[in-house]
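Residues or ranges marked as active site, proton donor/acceptor by TrEMBL: ASP161. Positions annotated as Mg(2+) binding site by TrEMBL: ASN12, GLU397. The ATP binding site annotation in TrEMBL covers LYS19, HIS221, LEU222, GLY223, ASN224, GLY225, ASP295, MET296, ARG297, GLY343, VAL344, GLY345, GLU346, ASN347. According to TrEMBL, the feature substrate binding site maps to ARG104. If you look up TrEMBL, you'll see HIS193, ARG254 marked as site 'Transition state stabilizer'.
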Amino acid sequence: MTATATRVLVLNSGSSSVKYQLLDMNPDSGGGPAAGTRLAVGLVERIGEETSLLAHTPLATGGDKRETEGPIADHEAALKAVAAELSADGLGLDSPQLAAIGHRVVHGGLKFTAPTVIGDAVLAEIERLVPVAPLHNPANITGIRTAQALRPDLPQVAVFDTAFHTTMPEYAARYAIDVATADAHRIRRYGFHGTSHAYVSRKTAELLGKDPSEVNVIVLHLGNGASASAVAGGRCVDTSMGLTPLEGLVMGTRSGDIDPAVTFHLKRVAGMSEDDVDVLLNKKSGLVGLCGDNDMREIRRRIDEGDERAELAFDIYIHRLKKYIGAYTAVLGRVDAVAFTAGVGENAAPVRAAALAGLEEMGLAVDADLNAARSGEPRLISPEYARVAAAVVPTDEELEIAQQTYALVSA
Ligand code: ADP
C-alpha cells in the first residue's frame, strides 16, 4: 500500500445483488480520522435477470444518480459494470489510491472474531461455513473471488456479521440440546447484524459522552431483518438471532422465536415439506404473514384507517420487542441506554413509543416531541429525568466495514 492509498471499496454481495460504496479514509479528506468521505455509492439489483438495474451516484463529483437497466448475467459482470461506472468518474478500481476492498461476510463461525485479510485458507474457511449460512456465504464468496480477479494485487478484507457476537458467554450462545449433536454440526447461537450492533453501541456511548467500556446498551436493530443485542462495556453478551437470522424478534417476513414443534406439526399434520416450512418461516411470516405488509409505513397507514389485522400485527411486533428489552435489562443488570436503529428503528416514532410505553418502572420513558423530531443524527428521545437513556442512532454498516478494513491494512 502506498502512502497515498486511502480509499476503500466496500462490497456487500447478496445472492442477486451487489451494494457498494467507495470511501476515502484519509483524515485530510474532510471529515476527520474516523469519518470516511463517501466518493460513490450504488447497487446492482436483479443480477441474472433480463431487467438488472445498476444505480450509481458519484458523490465525489456531485453528479446525479445514473441508472442503467439491462441484463447483467452474474456477479463478475456486475462488478465489471460497477468498475466501469467508477472509472467514468475518475475513481477506477485501477487507481493507486485504492488501499483495499472490504467485503461484508455474513457468517464467520467461531473462528473469525475480527476483520481478516483474505487468503486461500480464509476463503476455504468461509466456504466451510456454507452449511450454516447457505443463503449468504456463497454470494459473499462469489463477490470476493470476482474482486480478487479484478485486483489480485490488492488486500481484500472480510468483515464478519457474526464477529461482534463471538464475545457472548457460552451459556448465552449454547442451545440446551444434546452437546455431542450440537458440536458435531456446529449448532449454536452465532448472531448477525454484528457490524451494526458494534457501530451503534459505540455511537451510543459517544452520544452519552462516555467511553464504550463504561456503558451498557441494548441495541435494537429494526430493519426488514431485526435483531436485539445486549452490550456490556462494549462487548456483546447476548443477541436475539441464533444459528440463522430466523430467531428472535418479529421481522418483516421472518417469524422470529417460535416453538420448534410448530415445524414438526407443519410437516406431520399440514403435510408441508422441509422447503415449504423454510419458505413459510423465512419469507411468509413476520409482519407480512400477519397482515400482508412488511413496510412499517404501510402498516401505520392501515392502522390509522382502522385496519384490525394491521393493528394486531403491530401489537405482536411490539410485544416481542418489549420482551427482549425486559430480558436484556435482566441480563445486563444495569442499562444506560436503549438505542433504536435501521429502517424502522430510525424512522418509525410510533414503534419506539410503543416499545418503551409502560416501562417507567425500568427507568425508561419517551419524550413525545423529541421522538417525533426527524434527524439523521444520533439523538436522545428520552426526557431528562429518565434513568435509562432512549436514543435513535442511525447505523452505518458500510462506514464500519471501511474503517475496520482500513485500520487493518494501514496498521
Ligand atoms: P434491511 O436493510 O433489513 O433491508 P432497512 O434497515 O433498510 O432494512 O429497513 C427497511 C424497513 O424500514 C422497511 O421495510 C420499512 O418497514 C422501514 N421504514 C423505512 N422508512 C420508514 C419510515 N419513514 N417510517 C416507518 N418505517 C420505515
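Backbone N, Cα and C define each Cβ position, glycine as well.
All annotation found in TrEMBL is predicted automatically rather than curated by experts.
A map of TrEMBL features onto the structure.
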{"residue": "ASN12", "record": "Mg(2+) binding site", "Cβ contacts under 8 Å, 6 or more apart": "VAL18, LYS19, TYR20, HIS103, ARG104, GLY143, GLU397, GLU398, ILE401"}
{"residue": "ASP161", "record": "active site, proton donor/acceptor", "Cβ contacts under 8 Å, 6 or more apart": "ARG104, VAL105, VAL106, HIS107, GLY108, PHE192, HIS193, GLY194, THR195"}
{"residue": "LEU222", "record": "ATP binding site", "Cβ contacts under 8 Å, 6 or more apart": "LEU249, LEU321, PHE340, THR341, ALA342, GLY343, VAL344, GLY345, ALA348, VAL351"}
{"residue": "ASN224", "record": "ATP binding site", "Cβ contacts under 8 Å, 6 or more apart": "MET251, GLY252, THR253, ASN294, GLY343"}
{"residue": "ARG254", "record": "site 'Transition state stabilizer'", "Cβ contacts under 8 Å, 6 or more apart": "GLY225, PRO245, LEU246, LEU281, ASN282, LYS283, SER285, GLY286"}
{"residue": "ASP295", "record": "ATP binding site", "Cβ contacts under 8 Å, 6 or more apart": "GLY252"}
{"residue": "ARG297", "record": "ATP binding site", "Cβ contacts under 8 Å, 6 or more apart": "ASN347, ALA348"}
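Most Cβ neighbours within 10 Å, among the binding-site residues GLU346, GLU397: GLU397 holds that distinction in the structure as shown. Site extent for ATP: the farthest pair of Cα atoms among LYS19, HIS221, LEU222, GLY223, ASN224, GLY225, ASP295, MET296, ARG297, GLY343, VAL344, GLY345, GLU346, ASN347 sits 24 Å apart. Close contacts with ligand 1, defined as a Cβ under 6 Å from any of its atoms, occur at ASN224, ASP295, VAL344 among the binding-site residues ARG104, ASN224, ASP295, VAL344. Residue environment of LYS19 (ATP binding site) contains 17 other Cβ atoms, counted within 10 Å of its Cβ in all protein chains. Between the recorded positions ARG104, HIS193, VAL344, the minimum number of other C-beta atoms within 10 Å of a residue's C-beta occurs at ARG104.
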